[in-house]
Amino acid sequence: MGGGAPFKKLDFGKWELHLPANPDGSAPIRHLSEVKVIIRNQAGHLLDRLSPWATYVRQPPKEANQGVNFKQYVWNPPPTERYLCKHARPKRPKSLRIYECHVGIASQEPRVGSYQNFADNIIPRIKRQGYNAIQVMAVMEHAYYASFGYQVTSFFAASSRCGTPEELKRMIDVAHENGLYVLLDVVHSHASKNVQDGLNQFDGTNSCFFHDGARGEHSLWDSRLFNYMEYEVLRFLLSNLRWWHDEYYFDGYRFDGVTSMLYHSRGIGEGFSGDYNEYFGLNVDTDALNYLGLANYMLHMQNPEVITIAEDVSGMPTLCRPVDEGGIGFDYRLAMAIPDKWIELLKECSDDAWNIGNIVHTLTNRRWKENTVAYAESHDQALVGDKTIAFWLMDKEMYTHMSTLSEPSLIIDRGIALHKMIRLITHALGGEAYLNFMGNEFGHPEWLDFPRVGNNDSYHYARRQWNLVDDPLLKYKFLNEFDRAMNELEERFGWLHSDPAYVSWKHEGDKIIAFERAGLVFVFNFHPTQSFTGYRVGTNWAGTYQAVLSSDDELFGGHNRIDKSCKHVTRREGYAGRENFFEVYTPSRTAVVYAHVSD
């Protein structure tokens with residue numbers, strides 16, 4: 001119903017309502033007018049709902065005493081108040097270096113960060129660090145802030161907690177001005193069970209948008225699962241992707257929960273050993289698979305510069321091959337086993353018990369020509385109840401010994417050294433793209449905990465402490481500078497868009513890993529105490545080598561033990577390939593990168 005004017009039913013589940021203009025010719029519904037959708041269900045009851053296509057919803061402030069449910073408002077500002085983008089979209093990067101971020105927690109103050117704050121204060125940081133893409137979480141509106149944006153209630157609305165749609169447009173435009181490619185974290189794998197604010201039971205039934213029965217509910221996530229067999233659902237989701245691309249100028253998409261979509265089991269309890277029967281049996285949800293292929297086909301046809309990334313832990317074959325090859329069409333998948341491996345090692349093993357061969361296997365275990373995004377940790381490892389890598393390494397010592405003026409600490413020295421090594425070997429060996437979650441570049445010490453009943457609605461942990469990295473007397477600056485140097489070296493040599501590395505040496509006793517990629521030789525000594533002089537490192541190229549990055553550099557909190565003078569390698573008569581070698585000094589817990597500078 002709409003003020004006495006009836007809706008007209010159209011094809012494909014659409015309903016249309018025409019309201020005449022006001023006598024003065026103005027629109028009948030003004031900007032920021034509150035609107036409601038009232039549904040009469042089969043039992044004749046009237047249901048108060050938000051439109052599935054609402055583009056701006058907002059929760060009333062507590063002091064308004066209007067309840068906790070979101071309200072829908074018309075967003076149609078006059079031309080003078082609309083933000084017009086000034087900068088062109090960047091081309092898709094050859095080497096994708098992603099800064100995963102959440103606008104709400106980007107503020108240092110204990111409050112929800114804004115799109116404006118992110119544009120003015122955070123984007124310059126990201127650019128300085130050498131990242132060329134941002135992956136923005138929690139943009140699609142979600143009634144429950146602590147869901148991290150993964151319990152979406154309004155799919156077409158940008159989260160009003162952080163500002164207005166026009167402010168989000170400006171934020172993306174500022175990112176484009178700084179050459180940053182912008183990825184949207186899109187959640188089409190499931191939806192919130194919230195009835196009053198979301199899609200659930202929109203028409204009073206369980207089967208509107210979703211499967212009815214057990215197939216329509218995710219037992220672990222407590223959420224609803226879309227029915228990808230229905231044309232109306234496909235149209236809703238595809239138009240949703242088009243909306244974010246056309247209205248807000250997002251450049252690409254990271255699809256959340258792809259493993260859950262691909263299998264009737266939702267991936268729950270699945271080990272995914274790599275046996276092809278796991279991928280081509282009756283457990284595969286072909287309806288969801290077809291939707292993902294269709295979405296990728298549409299996005300890449302609409303804009304050849306688009307990038308799509310799948311959050312998939314199963315290793316589904318052809319997931320990252322083009323649709324015209326019979327693939328599902330993603331450009332990258334996340335290497336989700338890598339952060340799990342690092343946390344496993346830090347939780348369960350001492351340094352001298354690390355299995356070097358297993359580390360190399362985890363970092364290189366991916367299909368040829370199916371691109372992978374490598375990362376040492378993401379937002380999952382930062383959530384309350386877990387620890388960041390920095391905190392696993394250094395724990396409470398971070399509160400007492402991170403000052404450059406405090407007495408030396410073996411725990412801090414070890415933590416900083418391994419933090420740098422873990423990130424560099426993940427960056428250089430683990431994939432064809434690299435991802436870092438906001439704050440981890442400088443070893444943010446504390447977990448993430450959103451305001452909720454259990455912590456008295458506190459924002460203390462729902463923020464980023466930029467003061468730590470900005471203070472020149474704190475050692476966080478060392479990790480931050482190494483992160484920047486890593487990205488700048490990749491920009492110079494482009495190992496992410498080169499062929500995968502050749503691992504020429506992995507020694508369990510010495511704890512040494514050496515590999516070649518993009519004209520560089522990487523040498524890692526993970527041994528906790530043993531340094532080696534004159535250690536022979538094989539190489540495919542004769543000529544002159546020079547150290548171009550050392551984790552032991554004093555700029556990164558090291559001790560400057562690396563000899564950066566040129567190393568000369570002469571091809572030995574009667575030998576070929578990696579029988580050439582040069583001798584290096586490899587201090588314990590140090591990584592060094594050598595560049596082949598001349599023949």
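Here the Cβ of each residue, glycine as well, is placed from N, Cα and C on the backbone.
Under the heading domain 'Glycosyl hydrolase family 13 catalytic', TrEMBL lists 118-467. Taken from TrEMBL, the feature active site, nucleophile covers ASP256. Positions annotated as active site, proton donor by TrEMBL: GLU311.
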Between ASP256 (active site, nucleophile) and GLU311 (active site, proton donor), the C-alpha gap once rounded to whole angstrom: 5
Number of other Cβ atoms within 10 Å of the Cβ of the residue listed as 'active site, proton donor' across all protein chains: 19
Cβ packing number for the residue listed as 'active site, nucleophile', 10 Å threshold: 21
